[in-house]
Amino acid sequence: MKQTVWHHLKLCPQGDPQHTLADAAIAVENGTIVWLGAACALPVEYAAWPREDLHGAWVTPGLVDCHTHLVYGGQRADEFAQRLAGVSYEEIARQGGGIVSTVRATRAADEASLLRQSAARLEPLLAEGVTTVEIKSGYGLDLASERKMLRVARQLGERYPVTVYTTFLGAHALPPEFTGRADAYIDEVCNTMLPALADEGLVDAVDVFCERIGFSLEQSERVFKAAERYQLPVKMHAEQLSNGGGTALAARHHALSADHLEFLDEAGVAAMKEAGTVAVLLPGAYYFIRETQLPPLELLRRYQVPIAISTDSNPGTSPATSLLLMMNMATTLFRMTVPEVLQGVTSHAARALGKADRHGSLEAGRAADFAVWSVDSLAELAYWIGRPLCARVVRAGETVYTRRELSQGLR
């Protein structure tokens, strides 16, 4: 039985910097928080437990990256150069590039290679305090390759000190062998791929890319109904490039989240509020493909829709492996506040996964997953660009990462 009192710390238990404790303590037994609060109120039964002094550092819940595509083969730097030369993302996709080029690389890679490549993308997130991550499939687009991706995602969760939730995104793009036969491909997704992968326990949720270069409302709804037959929650890539009404459809199916949302209108926002659907904003993609249409932040605020922030880490539109950078981008590009972005990577991000009862906040009875920060103010998490701020990551009560400090000595 391992018992520890973490003390001499400043605590932000709910991911809200407006509600903090200046001198706090956390009592952890066998990886679970049994008590937390003001250090002066530490119950006598924990007073003799071994102590871990955090020297006045800030502690937040472990961060949650709730929308990623970390598992894939290759990279798309050449397409990045094309876009710099003036070719649009949609034009590249129609030429057989974009998602489909990553499909080719992912299909060609074996499981061991995919694991190595994906681990290199996961590790920087862990070093920034991320203890929970969602990973989507969607670069296989056939049963064997989608299975391979989801198996690798599960292995990442087994090999690294991070909780991984998997999302089946078979309806991400039309594979080359189904050119001109989108409905037939959706048949394959709904009747072959999803049943097999769900039966194998590889799927925690189901996503669909509902867009003019993706799948229609009718096709998206077929995927949702198939997911519901397996009692799997749904989510949607929606309103990124146009207002197609996907968010309203997602809300009708009580989606956990609708993601991107640059072209979301008020009717869609109202539908999200009614359904309890979280808005996941992805500033990395907005920045990387040079979008100019901002997501409707004021409408989301007015309707009190929870807003999460994520990396959208992927090879084509957001090759990002820094959730802290996304916090900065959300403040500078989307005009979000520091409390909004911190909740966006903790409590609201956990809610976007349907896991707010397990992650995104610190309270008695939950796993002791938290990040320790070398900052004077929590605003620094969104302020600094490229500076390593996470001093320690604790998962289930155990230190799983400690930043090595460079020598400060003069020569």
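Glycine is no exception: its Cβ is also placed from the backbone N, Cα and C atoms.
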Next item on the list: Return the residue out of Asp312, Asp357, Asp369, Asp376 that Swiss-Prot annotates for the same Fe(3+) site as His67, His69, His237.
Entry: Asp312
Notebook entry, point to check: If Swiss-Prot gives Asn314, Gly316 as binding N-formimidoyl-L-glutamate, which of Tyr139, Tyr160 does it give for that site as well?
Noted result: Tyr139
Notebook entry, point to check: Which residue of Gln14, Gln240 does Swiss-Prot report at the same 4-imidazolone-5-propanoate site as Arg76, Tyr139, His172, Thr317?
Noted result: Gln240
Check: Looking only at Cβ atoms, how many others are within 10 Å of the one on His172 (4-imidazolone-5-propanoate binding site)?
Finding: 26
Item checked: CB within-chain contacts under 8 A for Thr317 (4-imidazolone-5-propanoate binding site), separation at least 6 -> Tyr89, Gly284, Ala285, Phe288, Ile289
Next item on the list: Could you find out if DSSP has His237 (Fe(3+) binding site) as helix, strand or coil?
Entry: strand
Check: Can you name the residues of this chain that are 6 or more positions from His69 (Fe(3+) binding site) yet have a C-beta less than 8 Å from its C-beta?
Finding: Ile135, Lys136, Gly138, Tyr139, Leu169, Asp312, Ser313, Asn314, Pro315
Next item on the list: Pick the one among the binding-site residues His67, Arg76, His237 whose Cβ has the fewest other Cβ atoms within 10 Å in this structure.
Entry: Arg76
